[in-house]
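Peer 1: Okay, these came from Swiss-Prot:
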REGION    1-96  region 'Disordered'
COMPBIAS  18-35  compositional bias 'Low complexity'
COMPBIAS  36-53  compositional bias 'Acidic residues'
COMPBIAS  62-77  compositional bias 'Basic residues'
BINDING   His202, His310  substrate binding site
BINDING   Asp222, Asp233, Glu433  divalent metal cation 1 binding site
BINDING   Asp233, His302, Glu338, Glu433  divalent metal cation 2 binding site
Amino acid sequence: MAVQALPEINKLSVSEEGAANAAAKGQAAQGTAGNDDAENDESDEDKEDEQEVADGAAAAGGKKKKKKTKKKKKKGTAKVQSDPPRVPLSTLFPNNNYPEGEIVEYKDDNAYRTTNEEKRYLDRMNNDFLTDYRKSAEIHRQVRQYAQKELLKPGRSLTEIAEGIEDSVRALTGHMGLEEGDSLVAGMGFPTGLNINHCAAHYSPNAGNKMVLQYGDVMKVDFGVHVNGRIVDSAFTVAFDPVYDNLLNAVKDATNTGIREAGIDVRMSDIGAAIQETMESYEVEINGTIYPVKAIRNLNGHTIGHYLIHGGSTGKSVPIVKGGDQTKMEEGETYAIETFGSTGKGFVRDDMEVSHYAKVPDAPNVPLRLSSAKNLLNVITKNFGTLPFCRRYLDRLGQEKYLLGLNNLVSSGLVDAYPPLVDVKGSYTAQFEHTILLRPNVKEVITRGDDY
């Protein structure tokens with residue numbers, strides 16, 4: 001989920017305190033989980049049959065007679081994901097051994113960390129949260145694989161796409177979010193962003209939205225998954241017309257550059273400079289006109305905290321252009337490395353109808369005069385904490401005629417509204433994003449998959 005560089009918009013942050021109350025990657029669950037146990041069971045049973053025949057023959061003092069052993073049925077069967085995804089991930093991985101992300105060794109001055117015994121021990125002692133992160137990431141991979149195959153097609157409505165993604169995420173976490181507090185255990189990390197063409201971020205369809213995905217559109221698909229507050233944030237761009245391929249390639253390459261450069265003690269300014277150099281080496285030709293791909297200079301990557309999508313008040317931003325500050329990345333931090341490219345000005349502003357909201361963490365007590373605002377704040381606190389939400393999520397909970405109360409919460413400073421961010425009309429924007437963990441001994445690209 002995008003964070004806009006200050007001062008254009010405040011960071012979207014969520015409070016740990018409020019929420020705490022509450023095979024290969026992407027393919028691993030597609031038929032492999034459970035096979036090993038089943039095969040081992042069958043092998044052991046066959047050996048027992050052979051031994052019984054041999055023992056019987058020896059006791060009789062005669063020749064060994066070959067006995068045709070019956071083939072035992074496997075006790076376990078391959079567990080596969082359904083289409084659409086509805087099998088909880090805990091069923092596919094009963095031992096909670098979820099696929100790890102892409103493991104990248106540190107380089108240069110930090111190369112020693114990979115083999116340093118002290119760092120390896122520290123990593124083992126502090127990796128309890130990895131199970132939650134890896135579960136979130138595997139859910140993201142499986143859901144986006146389904147979306148790419150079945151949902152993201154011309155002619156589909158944005159509402160159908162968003163609800164298809166979100167219903168799948170909830171089903172795989174095993175928490176549908178209809179009971180009070182259930183969404184705080186596991187579910188959506190933030191609303192599904194479906195940002196078309198010049199819209200770069202923070203657009204999700206509200207009730208009654210009639211927008212339909214077209215063949216000539218360039219759409220950014222940005223959604224988050226959390227398990228026990230461990231949020232993974234990952235995004236990709238789809239375009240059906242190959243004329244936009246270079247735009248997508250530029251941004252994907254830039255994101256991978258940012259991931260490669262990121263690491264412990266690395267300065268944000270150095271990462272931003274490398275990202276911009278990579279992205280702006282590309283150009284794209286559309287209808288006979290050549291456009292340079294520009295990095296959107298007021299959008300950034302960001303830290304992710306426990307129930308904190310943008311790291312809270314102590315969060316850090318990862319620029320995608322040169323000239324950033326000298327802040328360094330540190331051991332143990334989690335980052336969303338995301339880059340945005342545009343054929344327009346390379347600068348976004350607020351526009352269009354708001355869909356994204358989040359409760360302000362540590363907000364002061366403000367007297368609310370509207371009873372509807374008081375009731376709505378209670379619903380938000382108990383169901384989302386400070387995780388971002390959208391109007392459709394309130395609709396799911398049966399809330400009605402809540403806009404007046406919601407606007408009152410925004411004007412009172414208790415809830416932040418996050419309008420869509422757009423470049424100039426007629427331009428096209430693209431986004432790619434991954435979540436990375438700066439573990440003591442290695443860097444783990446937790447959301448990496450076969451697709452991007």
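From the backbone N, Cα and C atoms, a Cβ is placed for every residue, glycine too.
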Peer 1: Tell me the coarse DSSP state (helix, strand, coil) of His310 (substrate binding site).
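Peer 2: Assignment for His310 (substrate binding site) reads coil.
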Peer 1: Within 10 Å of Asp222 (divalent metal cation 1 binding site) (Cα-Cα), which of the binding-site residues His202, His302, His310?
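Peer 2: Neighbours among binding-site residues, in sequence order: His202.
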Peer 1: Taking only same-chain residues 6+ apart in sequence, whose CB is under 8 Å from that of Glu338 (divalent metal cation 2 binding site), what do you get?
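Peer 2: Spatial neighbours, sequence-distant, of Glu338 (divalent metal cation 2 binding site): Ala2, Asp233, Ala235, Thr255, Leu299, Asn300, Gly301, Ile320, Gln431, Phe432, Glu433, His434.
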Peer 1: If you measure His202 (substrate binding site) to His302 (divalent metal cation 2 binding site) at Cα, how many Å is it?
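Peer 2: Cα-Cα, rounded: 15 Å.
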Peer 1: Taking the center of the Cβ atoms of Asp233, His302, Glu338, Glu433 at the recorded divalent metal cation 2 site, which other residues in this chain have a Cβ no more than 8 Å from that point?
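Peer 2: Everything else in range on the chain: Met1, Ala2, Val3, Asp222, Ser234, Ala235, Gly301, Ile304, Tyr335, Ala336, Ile337, His434, Thr435.
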Peer 1: Measuring Cα to Cα, tell me the gap between His302 (divalent metal cation 2 binding site) and His310 (substrate binding site) in whole angstrom.
Peer 2: 6
Peer 1: Would you list, in sequence order, the residues of this chain other than Asp222, Asp233, Glu433 that have their CB within 8 A of the centroid of the site's CB atoms, where the site is the one recorded for divalent metal cation 1?
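Peer 2: Apart from Asp222, Asp233, Glu433, the close residues are Met1, Ala2, Gly193, Phe223, Gly224, Ser234, Ala235, Ala336, Glu338, Gln431, Thr435.
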Peer 1: Using DSSP, would you call His202 (substrate binding site) helix, strand or coil?
Peer 2: coil
